[in-house]
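Feature annotations, reproduced from Swiss-Prot:
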- 45, 46, 47, 87, 204, 255, 256: substrate binding site (BINDING)
- 165: site 'Transition state stabilizer' (SITE)
- 245: active site, proton donor (ACT_SITE)
């Protein structure tokens, strides 16, 4: 399996995804600020992978601490705030830092710093390993839902699926969320072909998902983001499935910009649209999608394509990194605890609290 991140002997190692698919560059660092920069610049990206990386980033930060125990609380408070500020939309990041905070709160008073740091390191490994396990469970629940929803169709043919951005090993530690469902469905003979949209402006679908599919030998075709509607119109897509960066209590889902447009097209053409994400992506403290902070990124991401200027430097740009798909457009939200279909307020609360 592709090694997107790892942590060994105090060193965080990551595959710099900005250079894929043309170059595979692995970077090693023991500096927490360098790890934060990797998250900010999308060298490391994808909500679950960001969460695991955030845990390791906190470990890097505490390993850099050289003061006494009395000075650590203020240092740790600032460290957590610094990590939290790196990607404000990805709730998995906050899930990870919350877990690290819980270890601190439970052990700081009675433990030495050495013992405390060891427990925090163990928690970072657990966050990472849990994400790997969750992907396997999400894939199984997703395939079960597809078999249920497409029982009649699957009697005569396989399915064609649309996915957006990248939700595979490069984003999720394990086999992936949405792409994990696709991988397992393909292995079980349900999938004919995967349609992956380019995912402008950083082309995660074209660069990363296509690379993973080619690596696995799964039939696919890449399309421009605006092409999904005509493929649906012509019967070339049976369903769509994406990941998520944050899901609110009512099922509203923030994901890579362009997801909402695909969901609207799917609804118009009568096709089911699914979300696959771990429970850590669900934020039931937010009632609806309008509460989700939407990151707006550097306008040069549109003005330039991998360093090549394609618009004037003064061209006004609106560059939202995410959009919010209303839960009313989503057929089901697939988690490691099962698929939630129907009443999201009840179902999502159940999987979060159960």
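Each residue, glycine too, has its Cβ placed from N, Cα and C.
Shown on the structure are the features that Swiss-Prot records.
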residue : record                             : Cβ neighbours (10 Å)
45      : substrate binding site             : 25
46      : substrate binding site             : 30
47      : substrate binding site             : 29
87      : substrate binding site             : 25
165     : site 'Transition state stabilizer' : 28
204     : substrate binding site             : 26
245     : active site, proton donor          : 28
255     : substrate binding site             : 28
256     : substrate binding site             : 27
Q. Among the recorded positions 47, 165, 204, which ones place their C-alpha within 10 angstroms of the C-alpha of residue 245 (active site, proton donor)?
A. 47
Q.
For residue 204 (substrate binding site), which of the three DSSP-derived states applies: helix, strand, or coil?
A. helix
Q: Based on DSSP, name the secondary structure state of residue 47 (substrate binding site): helix, strand or coil.
A: helix
Q.
In the three-state scheme derived from DSSP, which category covers the residue listed as 'active site, proton donor'?
A. coil
Q.
Cβ within 8 angstroms of the Cβ centroid of 45, 46, 47, 87, 204, 255, 256: which residues besides those meet this for the substrate site?
A. 50, 90, 165, 166, 171, 243, 245
Q: Express in Å, rounded to the nearest integer, the largest CA to CA distance found among the substrate-binding residues 45, 46, 47, 87, 204, 255, 256 named in the record.
A: 17
